Amino acid sequence: MRPAFQWLLLLICQACLLNPATTQNVCPRPPPEDNTELIGGQLFFEPGTEISLSCSQGYSHSGGSRKITCKKNGEWTERFLQCSPKRCSVPESPQNGKAEFDKIVYKSVITFNCNNGYNLVGANSSTCLHTGQWSDPTPQCEPVLCGLPYIPPNAKIVYDKQFTGYTVPFSFGGKYECFPPMAAIGEQRATCTEDGTWTDPPECILVKCPEPSPIENGFLSFAESREYGYKEKVKYGCTHPYILDGLAEVECQETGSWSKIPTCKGINGTI
Ligand SMILES: *[C@@H]1O[C@H](CO)[C@@H](O)[C@H](O)[C@H]1NC(C)=O
């Protein structure tokens, strides 16, 4: 052999002796991507190493292989693992309220509302957690309560229904009635409103009707010539041979006027 060729061989052999790791690339730890990640702390991987990726917290495997392999050039093979956010259960609406939501997957937030006249007791929103559970349970919608209503002087209240205790729920009500001869001015209906207060009560005032007027061919029986109070009654009659057209009894109304006064008509229909 010629010396130059020997030198060449020697150089080649020295290259052969070098550590293979320094001639090949290593793969760096694969970074988290598209909700996939590597569990464990290893930072570098030898070419040819196959590892399994996992879905990030709150996501679950929805397709594709978990495996990736470190290639000779120090890059990883393509990632195929697909991970989708976990689903939470369809939320229940509270009774007398509702749950509003768009999506119900990891990180979704739902909000709860109560109908008018109901107060929300509990959390007004809930978040879908990485476990697939809601962070907060469905709240309660409790009816707004009113205390007992104010009853103005000379009045009573007749409730729609009997109840016990000292509170009633929203929309419960009754009717104010003034003791005659007082009559109610204002709204007689009493209602527990959605803000927990009662509607305004009426005022009971003394109502008078004027002295009842006489009628032709008729008379007032048992009537004194005076003003009459609300709900007081007088009675009309007809002289013979006239007969009454209308109700004999008239009543003083809360407006301060009498109910319809009858007339006296002849037998043949003429007055
Ligand atoms: C929900 O409740 C929080 C406090 O608990 C409050 O700050 C927020 O305004 C409420 N949101 C709604 C929409 O009522």
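For all residues, glycine too, the Cβ spot is worked out from N, Cα and C.
Between Cys70 and the candidates Cys27, Cys55, Cys88, Cys114, TrEMBL records the disulphide bond with Cys27.
Per Cα geometry, Cys252 is the residue among the disulfide-bonded residues Cys27, Cys70, Cys209, Cys252 nearest to Cys141 (disulfide bond). The number of other CB atoms found within 10 A of the CB of Cys70 (disulfide bond), across every protein chain shown, is 22.
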